[in-house]
Amino acid sequence: MALYWCTECIPLAVTALLPVILFPMMGIMESNEVCIQYLKDSNMLFIGGLLVAIAVEHWNLHRRMALQVLLIVGVKPSLLMIGFMGTTAFLSMWISNTASTAMMVPIANAVLQQLCDTEAHAEERDHNRSAAMDGQDNQALEMEDTKESQELRQRAIDMDNDDHKYMKENDIISKVCDRSLDAELRRLKREQKYLNLTKGMSLSVCYAASIGGTATLTGTTPNVIMKGQIDELFPDNGGIINFASWFGFSFPNMVLMLVLAWLWLQFMFLGFNFKKSFGCGTKKESDREAFQVIKDEYNKLGRMSFAEGCVLTIFTLLVLLWFTREPGFIPGWATVLFNKDKTYVTDGTVAILMSTLFFCIPSKLPRCCGGRSEDGAPAEAPPPLLSWNVVHEKMPWNILLLLGGGFALAHGSEKSGLSLWLGESLVPLQSIPPFAISILLCLLVAMFTECSSNTATTTLFLPILASMATAIKIHPLYVMFPCTISASLAFMLPVATPPNAIAFSYGNLKVIDMAKAGFVLNILGVITINIAINTWGVPMFQLNTFPSWANVTKAP
């Protein structure tokens, strides 16, 4: 399965179905036991999160939010870049990285094109104005000729007419050439400047999408896989990973990575001219016109509709319920009302509850009972916020099978005794300091995910990391958490992740541009994640102890 996932010789989802065929035939697990792994609580959490994302996209709420943020930050290059990055990262926390990139990259290109065109028109206007001023100056000088200059002119007239004509023509040609060359140099300089800006902006959007997805439990598939694997391999963990605990650890790390990515891209493509980049003083005409482009796009959306308001309300309620279900420092509403004896209500329960509302609430305010349409016929009920046809078209069903295949593989490894054997084989690693193990594994995963999907990478590595952690008696989250986030650090190649491919198709990029920018960001990301896990991660999850729930030694 690892080989098939890496080479993608058959679709990833089909590879994920192999345990259903092979485990029963090899006598590892009964078919019923294998099949039940394919729809667990983590899958329900994933489905609920995707339904919310589909509703947000369907009603264009994500576009309204993005344009509103850009209107606030303005169009100065550095501020524009951090505005695009912050907006894309925020959207990627809730909707797919691919969707947020596909929406933001065209907006970025439109704004930059407008800035470039306006600057070109301004230069042309200044050039024409200076030429007119030169003509006026020449006339003034001729009117103020002194007696001496008139004598010099007379001598020139007395020169050979052919020579005089030749010198005059040369003088005119020289002036025209100088002006043309100057204009051409300005044009080339402007085009190079905006080429760099376009490259930097396109990369900033796709990198921000990958970074933003790490901040929430439902932000990207590897996060959900990790929760599922932890619950599968360590069933007595007490719900250590939930929406609130994941956000508490990952959000500060995401912000830190985003700032470092912005600084690196700023240095690589814009330089550190703070006066030009951040804009001190009055706004130029090009800035005003680019700002107008964003404003026009926002005005096209019109006023917020009833449907958008409903989607925003449900989305906000869902996030609040996720945060307050089991916040950790106080008993959450689920503990008080439902989970006194067992964990009956999970994040998946909340996600499905709120997402079902999209199919119940109408997309328009319904008329009073017995209402009639304009032609006198009985008024039809307005459609709901989401229809199943829309969901069926946009839901990535293959990912659900991929999640299930990973859970089945992990369960089979445990049942067959492979996990136990692997753990015992990794005992010699106990002599290496844990922080060194974490850094090396993060680098390995970050390199591996450049050539393979982050979903397949996480599914492959997490059961091995769990066995290793159990064998050498370190907290499983100490290695599993950093490696899961590292699986999202696919920054170097266009094929590494869909956001990279989208940016590559828009941004006049070369592979070497992405490789140079991405290599440094990979290193920065690994360093940042390991700083996070060794600082605020330790008190949050008690990572300096080996938990009793992780001490599972199951014989085959």
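Placed from the backbone N, Cα and C atoms, the Cβ positions cover glycine too.
When Cβ-Cβ distances below 8 Å are used as the criterion, the transmembrane segment (12-31) is approached by residues 1, 4-5, 37-38, 397-399, 401-402, 404-406, 408-409, 411-412, 415-416, 453, 455-456 of the same chain, each at least six residues removed from its ends. The annotation transmembrane segment is assigned in TrEMBL to 12-31 (among others).
Residues or ranges marked as transmembrane segment in TrEMBL: 43-61 (among others). Sequence-distant neighbours of the transmembrane segment (43-61) (same chain, 6+ residues past either end, Cβ-Cβ under 8 Å): 94-96, 99, 217-218, 221, 224, 227-228, 301, 305, 307-308, 311-312, 314-315, 318, 346-355, 358, 385-386, 390-391, 394-396, 399-400, 403-404.
Annotation source TrEMBL lists transmembrane segment at 67-95 (among others). Beyond its flanks by at least six residues, the transmembrane segment (67-95) meets 49, 52-53, 56-57, 101, 103-104, 107-108, 111, 115, 197, 200-201, 204-205, 207-213, 215-216, 218-220, 254, 258, 261-262, 265-266, 270, 274, 276-279, 287, 290-291, 294-295, 297-298, 301, 315 of its own chain at Cβ-Cβ distances under 8 Å.
Residues annotated as region 'Disordered' in TrEMBL: 123-151.
The transmembrane segment annotation in TrEMBL covers 194-217 (among others). Remote same-chain partners of the transmembrane segment (194-217), defined as residues 6 or more beyond its termini with a Cβ less than 8 Å from a stretch Cβ, comprise 45, 77, 80-81, 84-86, 88-94, 97-98, 100-101, 104-105, 108-109, 112, 115-116, 223-224, 227, 241-243, 246-247, 250-251, 253-254, 257-258, 261-262, 265-266, 268-270, 347, 485, 488-491, 497, 499-500, 502-504, 506-509, 513-514, 517-518, 521, 525.
For 254-274 (among others), the entry in TrEMBL reads transmembrane segment.
According to TrEMBL, the feature transmembrane segment maps to 305-324 (among others). Long-range contacts of the transmembrane segment (305-324) within its own chain (CB-CB distance under 8 A, at least 6 residues past either end) are made by residues 52, 55-56, 59-61, 64, 94, 242-244, 247, 332-333, 347, 350-351, 354-355, 357-358, 361, 363-365, 385.
Taken from TrEMBL, the feature transmembrane segment applies to 344-362 (among others).
Within the chain, the transmembrane segment (395-412) has long-range Cβ neighbours (under 8 A, six or more residues past its boundaries) at 1, 11-13, 15-20, 23, 28-29, 33-34, 37-40, 42-43, 46-47, 50-51, 54, 96, 221, 224-225, 228-229, 232-233, 418, 455-456, 458-459, 462-463. Residues or ranges marked as transmembrane segment by TrEMBL: 395-412 (among others).
Long-range contacts of the transmembrane segment (432-448) within its own chain (CB-CB distance under 8 A, at least 6 residues past either end) are made by residues 457, 461, 465, 474, 478-479, 482-483, 486-487, 489, 522, 525-526, 529-530, 533-534. The transmembrane segment feature in TrEMBL is assigned to 432-448 (among others).
What TrEMBL records for 460-481 (among others) is transmembrane segment.
The transmembrane segment annotation in TrEMBL covers 487-507 (among others).
Within the chain carrying the transmembrane segment (519-538), a Cβ under 8 angstroms from the stretch's Cβ atoms is held by residues 207, 211, 249, 252-253, 256-257, 260-261, 264, 435, 438-439, 442-443, 446-447, 477-478, 481-482, 485-486, 489, 491-492, 544, all 6 or more beyond its ends. Annotation source TrEMBL lists transmembrane segment at 519-538 (among others).
For the transmembrane segment (487-507), the residues of the chain that approach it from at least six positions outside its boundaries are 97-98, 100-102, 105-106, 109, 198-199, 201-203, 205-207, 209-211, 213-214, 220, 222, 445-446, 449-451, 453-454, 457-458, 461, 514-515, 517-519, 521-522, 525-526, judged by C-beta separation under 8 angstroms.
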